[in-house]
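Record features, source TrEMBL:
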REGION    1-21  region 'Disordered'
DOMAIN    53-419  domain 'Aminoacyl-transfer RNA synthetases class-II family profile'
BINDING   122, 123, 124, 149, 165, 169, 318, 322, 323  L-histidine binding site
């Protein structure tokens with residue numbers, strides 16, 4: 001009906017020169033309606049794309065991803081962690097007021113006439129809610145799940161609106177800095193094992209930051225908003241950060257300059273010692289407590305033999321409101337060249353900074369002793385410290401390395417293909433394949449009654465299957481199984497006196513060949 005109305009309007013105004021612009025607009029509307037309703041054949045047309053800030057993962061990408069996950073999970077388990085899961089959405093009030101200026105990035109779900117809900121922004125706040133709700137005071141847990149942020153995605157840099165987080169947290173009342181040091185050790189182990197290149201881990205303490213703000217003349221009510229601005233120093237020049245502090249957030253230029261002197265400082269235990277005697281900073285009890293703990297932390301890191309990668313950096317702020325003590329962030333020291341993404345993968349990418357994969361932070365975390373108490377009716381606190389591994393950013397680098405490397409990525413784990421050399425051997429192939437599956441061996445066959453032997457061998461080469469078990473009429477007659485190493489073309493023939501023995505012989509042969517490839 002709407003379409004007919006537009007057409008009638010065009011006919012009525014035909015011949016009127018002033019209406020030509022309106023005609024074009026109406027025609028455009030008609031074309032848009034046509035696209036929505038479907039083509040000339042009446043079929044509805046769809047725009048085949050993923051939502052902004054999301055992506056699909058093909059089998060090759062998933063194989064790389066699974067390898068990364070396995071490395072991370074094995075590290076978490078090596079350190080004695082157990083795992084939990086929580087819902088993908090939480091009550092809106094659970095997430096409100098926990099993320100500072102980043103709260104605007106939370107996805108609120110449409111009100112369905114019931115509870116007001118939001119998609120989880122991270123895994124830390126749901127973890128704190130879980131502890132308070134279940135009255136848990138001690139746990140070492142890891143959690144790997146998707147989170148959601150209404151961010152401006154830069155997808156070739158590993159920034160998305162839907163992405164995985166891999167979190168490790170220690171909750172409980174323990175002596176200072178021991179769990180904190182273990183979290184840093186975990187980051188060190190994971191980044192070293194993944195072989196991503198050179199990296200360093202920046203550490204600071206929220207108490208040192210707050211003490212610094214106080215002695216520099218920042219009003220109490222501006223601590224968090226100034227902290228969010230300092231957190232941008234890894235992306236912006238100091239002049240731009242200072243400009244935001246003074247012009248947008250109302251800080252005096254003198255206070256901003258004093259902050260600038262401190263945030264340029266980097267070092268180790270020696271810097272903590274020096275700042276304990278700093279005329280200004282030593283006046284803050286809060287800062288002194290943080291600096292004393294920082295010295296203790298570095299002494300434990302020396303015992304863990306990881307101080308070569310850890311730097312005490314006063315510019316590190318981490319903008320989230322819930323941190324109360326030590327904070328840390330791991331950064332890679334190199335940039336990889338990014339391949340041009342396919343049009344379907346450019347969805348939501350930000351231009352201008354996509355020349356290389358400069359992924360920035362690949363892990364971060366800290367101590368948040370007050371978060372659980374926010375959810376407890378009696379305000380009982382459960383001290384917590386944790387780390388989140390930036391799996392998407394790490395995956396971006398691993399994907400680039402795979403693209404640049406000549407090494408083929410296997411997307412299946414099949415160990416042996418059961419093949420036939422002649423026709424009419426489907427039943428025998430099915431029977432042997434079933435025996436292999438029952439023995440726990442990863443096997444497959446082509447879904448053709450009479451496949452050519454060359455086709456079967458080509459399938460092995462294309463998919464990386466290392467072995468092929470070849471059945472032929474003569475082999476069956478002689479009670480022999482022939483196993484070929486696809487790469488070297490070496491063959492082994494073994495005789496047997498029963499089907500069971502045939503299977504055992506095959507298994508032993510396979511193991512021998514796989515070990516000596």
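Glycine too: its Cβ is placed from the backbone N, Cα and C atoms.
Most other Cβ atoms within 10 A: among the binding-site residues 124, 165, that distinction falls to 124. Mean pLDDT of the predicted structure over the domain 'Aminoacyl-transfer RNA synthetases class-II family profile' (53-419): 87. The 10 Å shell around the Cβ of residue 122 (L-histidine binding site) contains 19 further Cβ atoms across the protein chains shown. Over all protein chains present, the Cβ of residue 323 (L-histidine binding site) has 25 other Cβ atoms lying within 10 Å.
Around the Cβ of residue 318 (L-histidine binding site), 21 further Cβ atoms fall within 10 Å across all displayed protein chains.
Within the set 122, 123, 124, 149, 165, 169, 318, 322, 323 that the record links to L-histidine, no two Cα atoms are more than 21 Å apart, and one pair reaches that distance.
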